[in-house]
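What Swiss-Prot records for Asp93, Val180 is K(+) 1 binding site, and it gives sequence analysis as the kind of evidence. According to Swiss-Prot, the NAD(+) binding site annotation covers Gly150, Ala151, Trp152, Lys176, Pro177, Ser178, Glu179, Gly230, Val231, Lys232, Thr233, Gly254, Cys286, Glu387, on the basis of sequence analysis. Look at Swiss-Prot and you will find Lys162, Glu464 tagged as active site, charge relay system. Under the heading K(+) 2 binding site, Swiss-Prot lists Leu246, Lys457, Gly460, citing sequence analysis as support. Feature annotation from Swiss-Prot assigns site 'Seems to be a necessary countercharge to the potassium cations' to Glu248; the stated evidence is sequence analysis. Annotation source Swiss-Prot lists active site, proton acceptor at Glu252, citing sequence analysis. Residues annotated as active site, nucleophile in Swiss-Prot, with sequence analysis given as evidence: Cys286. Marked as cysteine sulfenic acid (-SOH) by Swiss-Prot: Cys286.
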Amino acid sequence: MSRFGLQKLYINGAYVDSTDGKTFNAVNPANGEVLAEIQSASAEDVNRAVASAASGQKVWAAMTAMARSRILRRAVDILRERNDELAALETLDTGKAMSETTAVDIVTGADVLEYYAGLIPSIEGQQIPLRDTSFVYTRREPLGVVAGIGAWNYPIQIALWKSAPALAAGNAMIFKPSEVTSLTALKLAEIYTEAGLPDGVFNVVTGSGAEVGQYLTDHPGIAKVSFTGGVKTGKKVMANASGSTLKEVTMELGGKSPLIIFDDADLDRAADIAMMANFYSSGQVCTNGTRVFVPAALQAQFEAKILERVKRIRLGDPTDPQTNFGPLVSFAHMESVLRFIESGKNSGARLLCGGERVTEGEFAKGAYVAPTVFTDCRDEMEIVREEIFGPVMSILSYQSEEEVVRRANDTTFGLAAGVVTNDLTRAHRVIHQLEAGICWINTWGESAAEMPVGGYKQSGVGRENGLMTLEHYTQIKSVQVELGEYASVF
């Protein structure tokens with residue numbers, strides 16, 4: 001029997017069996033251990049979840065703002081109390097190092113929930129005077145039942161990023177985690193119930209995106225879909241959502257983000273930033289700065305600093321607190337990353353380090369890929385143009401500011417970008433020209449609860465986090481009041 005046994009669906013405040021009996025396995029990518037057998041939701045199960053959510057949403061929306069706020073803040077407290085327990089489960093399910101999951105995944109997810117819990121009482125409309133005898137007032141009302149579809153790289157954080165603004169605005173959410181990493185979303189559902197969330201307001205349906213995800217995007221009882229994942233899948237989700245019942249959508253999709261290092265930059269700081277922008281979470285971060293642009297005159301120096309830092313990476317068992325680089329999320333994803341690495345080798349890029357699966361000793365049981373750095377890369381190479389979502393850095397040289405801005409923008413993606421320079425005038429000038437939704441100056445990767453995040457171009461639609469996201473989980477009702485006489489033309 002697997003370590004965590006059979007995992008059921010979470011509907012109407014309790015675990016329930018799927019109606020069709022289909023299951024899939026949760027696998028620890030560090031060693032291939034089957035962690036759990038997880039039930040897959042059927043169309044009938046999704047119908048149950050939607051009916052439950054519709055009923056629960058009416059109860060939730062009727063509660064006072066302060067009452068809703070207190071319940072979500074109670075959930076924040078429980079998340080923080082159980083941080084280490086949840087982090088340990090996230091590490092087993094994703095392969096991410098415990099040093100990361102204990103410090104980031106649950107912590108930042110709880111921060112977002114706390115942020116939106118505090119904003120609930122501030123959701124208000126406007127009063128617009130028309131004349132002495134008439135005025136208009138507006139109400140921000142919830143959409144109703146919304147769906148969240150998560151990615152596998154930050155399972156519980158994404159579940160919180162999606163559910164926090166949705167619930168804060170008075171909606172109910174049906175959440176489908178990635179079938180690769182489903183375990184912590186189910187724990188989050190338990191926590192919401194324990195905190196006092198009415199039954200049905202947060203349901204979890206597990207299963208594949210192709211089946212369960214499509215049930216959600218097609219369902220007429222769902223008003224909005226928020227999706228995190230790849231561009232190809234995102235386009236299908238958006239088409240299904242709009243083609244079925246004209247649902248609203250939020251899409252947080254892929255990226256191939258440029259990190260531009262200028263000639264006046266502190267090269268040590270630049271190298272530190274490049275390392276974090278490529279190898280944190282074993283390179284499985286959508287905002288990673290995988291196209292590293294370096295002045296041609298500084299390329300050799302920069303490469304030496306990167307190699308020096310790669311040697312300091314502590315690849316190992318992700319449950320070891322000393323490890324800071326674990327396996328990839330699955331064996332299938334490892335094969336995808338290795339195919340990109342072979343493409344890099346065959347395209348003429350110069351391999352500085354890595355470029356292979358790690359198979360020494362116990363590592364042979366896991367989905368480990370060595371931190372990989374290519375240099376002398378060209379813009380047309382596949383490793384430079386396509387999102388790899390793994391520990392693969394591409395170094396490109398350039399001659400002028402104008403050139404590097406043009407090349408940085410020469411992509412269908414537009415999720416993130418960054419510059420490293422001591423010249424703040426140049427920093428702002430360049431950032432204002434970069435076609436990306438999230439930009440960093442002399443840093444990389446932080447996405448605070450208050451900061452709207454999302455992409456330009458094919459990297460997404462809409463934003464997550466920040467004030468504006470809360471607005472997109474509501475709809476405006478305008479009401480005109482006439483206090484004076486009414487004159488008919490008939």
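Here the Cβ of each residue, glycine as well, is placed from N, Cα and C on the backbone.
Source: prediction; values computed, not measured.
In sequence order, Gly234, Thr250, Met251, Glu252, Leu253, Leu415, Gly437, Gly454 are the residues of the chain that are 6 or more apart from Gly460 (K(+) 2 binding site) and have a CB within less than 8 Å of its CB. Rounded to a whole value, the Cα-Cα separation of Glu248 (site 'Seems to be a necessary countercharge to the potassium cations') and Glu179 (NAD(+) binding site) is 24 Å. When the C-alpha distances from Glu464 (active site, charge relay system) to the binding-site residues Gly150, Trp152, Pro177, Val180, Lys457 are tabulated, the minimum falls on Gly150.
Counting in whole angstrom, Pro177 (NAD(+) binding site) lies 11 from Lys162 (active site, charge relay system) by their C-alpha atoms. Leu246 (K(+) 2 binding site) and Trp152 (NAD(+) binding site) have their C-alpha atoms 27 Å apart, to the nearest angstrom.
Counting other Cβ atoms within 10 Å of each Cβ, the binding-site residues Val180, Leu246, Cys286 show the lowest value at Leu246. Across the binding-site residues listed here (Asp93, Glu179), the residue whose Cβ sits among the most other Cβ atoms within 10 Å is Asp93. Here the C-alpha separation of Trp152 (NAD(+) binding site) and Lys457 (K(+) 2 binding site) works out to 23 Å.
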